[in-house]
Structure formats: C-alpha cells, structure tokens
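*Asks:* Annotations for this protein, taken from TrEMBL, read as follows:
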DOMAIN    71-251  domain '3-deoxy-D-manno-octulosonic-acid transferase N-terminal'
ACT_SITE  98  active site, proton acceptor
SITE      168  site 'Transition state stabilizer'
SITE      249  site 'Transition state stabilizer'
C-alpha cells in the first residue's frame, strides 16, 4: 500500500487570524482557566528562577558528551540557521523514537506542500545523529529549547511557526502557553499519558487543572490508541479535538487528522512506505519459525545481563533469536564487540 497522507493547509495565513480550541470552549471553562492559569504562573515563576541552574546543567551535560559540542546555544533558544520566508511548520520530537514517527509525516508534508518550510527539533544527540540523514532536503533541524520563559520566547519570536506538531507527551507549559498567546496552532500527535501520570493528575487538583487548561489550547490531540484516547477524556480534554489516529510507529494505516485554514479537520489515511514494511515483512518471514525475544531500550552495562539471559534460554530453545536494542544508537557498536 502506498503512502498517502495529505495535509491540507489551504492558507497558512498569519497565526493571529486563527483560533485554538479554547475559543470554541465557551465561558464554561472559566473556573478551570483561573485555576490552571494560577498553577501555570507558579510554574513560570519557578522556571524563571531555576533558569541559571538549568544553563549550568546543560554545560555539565555538554562536558559529559550528552549535548552537541557546538550547538548548545540552540537549547537556549538561540538559532544557528536562518529562517526562510513563508509559512513554517514546527515538529518537536524529544528523542529517536518520536523523531522516527515524525519523519513519514514530514515527508508527506513536503510532498503535498513543497512551499511549506518545515523545522524539526530534537533533544538528544542520538536522535540527531540518526534522523539528520533521513530528513528530506530542505527540512531544517535545531535542538529544542529548554522550557524556560526566555528560551521559549526567543525561539518562538525568531522562528514564528504557523503551527506546531508535538510528538507523544511533550506537554511543556511555557511552550504551550507562549504559543497560545501568539495564536499558533497546536497539535499533539501520537499522544499518550502514562497510567502513573494519569493517577497523579487525578489525585492532584493542581496538576489536573493545569493540564486540563493546557489541553484547551490545542486544536488537535491524536492519541496513539483507543485507551490513550480514554485517558485524555478522563483528563477532560475538549472532546471535539480528540481524534483517534493509531500509532505512527507501528500502524500501517494510521489516520491523521490535521486542521486546515479555519480549524476544520480533514481525515486522511496514510500507509507506511512500501520499503519500510517490505523489510519488516521480510524479517518476519525469516524469524517466523523461531523463538524471538527482545531487550529494548537498554542502557550501558545491561547488555551483559541480557546476554546471560540469552545463554540460559538458548539451552531450552536452541533456535532462539535475541534482539538487543540499545537506548542510544552509538552503544550498539560496543554491544556488537561483546
């Protein structure tokens, strides 16, 4: 099945001419808005106070090799690229998994709207090293700014995106509220809320009201599963912005709902590329008659434990295949030498 994903941004006019879901929610959210805004003001004040400490933390991460050696200013909202003229769509994916989920969507955006500038931000070096070689020509990459008022305002003022696509659970209050103030459309793709976070939000009134208030700023929340859709409903996200799409990482026929000019939604189906799923299907055929288990997202040192488990299981299942997936791609070379 061919990849079909049509993004209809008929007229990406200046963002001030558009409205988010909160415009349509009416005045019934007044109490939620007041409580949510109060919690946000506390968060904003705290993030402002700890900004110097966060900058020191970033420098410490750079020394440890966890930040890019020459692009640390990007994490503070200072760009290293020139913004091209015209409408701009910003995708934000924190790490490799979210970035890989965003790439097919980005490719279809480029296909259907070649006039659209696309910016992808990631947080981790591992995501950058893998994704940078898979992005279509012309797509910009920056490291994401930390969620402090100064960094986020500087980033948004410079790039001035018309719409923002956040991946999975990237719910950063300063980003969301600053975007809302500037009239920038917000979407949460492959949206998820863990059960643990859900419990905290339900128990804590402060968290509940703050997240509910943040959700009201979105024009689209596309959960990765029907269960996740229920989670967002329990958190009282506006029901008309929750549209189940399927998991971008695994679903061959996920349905993405994006907004066009006046926040009217268009349902379009897309299938993952033939090449990607042909290779996956070939792998399934090769391993179909064997026992397979996977140790996924492991950290340095844990591979020794997994290899020990493999040796034990191999005695029971001689045809066993063990797949070890490191949390950071560069760790794979070390595992291969073991």
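Using N, Cα and C of the backbone, Cβ positions are placed for all residues, glycine too.
Curation plays no part in TrEMBL annotations; they are all automatic predictions.
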*Asks:* Reported as an integer number of Å, what is the Cα distance between residue 249 (site 'Transition state stabilizer') and residue 98 (active site, proton acceptor)?
*Replies:* 8
*Asks:* Which number gives the other C-beta atoms within 10 angstroms of the C-beta of the residue listed as 'active site, proton acceptor', all protein chains shown included?
*Replies:* 25
*Asks:* Can you tell me how far the Cα of residue 98 (active site, proton acceptor) sits from the Cα of residue 168 (site 'Transition state stabilizer'), in Å?
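*Replies:* Per the Cα atoms, residue 98 (active site, proton acceptor) and residue 168 (site 'Transition state stabilizer') stand 7 Å apart.
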*Asks:* What number of additional C-beta atoms lies within 10 angstroms of the C-beta atom of residue 168 (site 'Transition state stabilizer')?
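*Replies:* Result for residue 168 (site 'Transition state stabilizer'): 23 other Cβ atoms within 10 Å.
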*Asks:* For residue 249 (site 'Transition state stabilizer'), just give me the three-state DSSP call.
*Replies:* coil
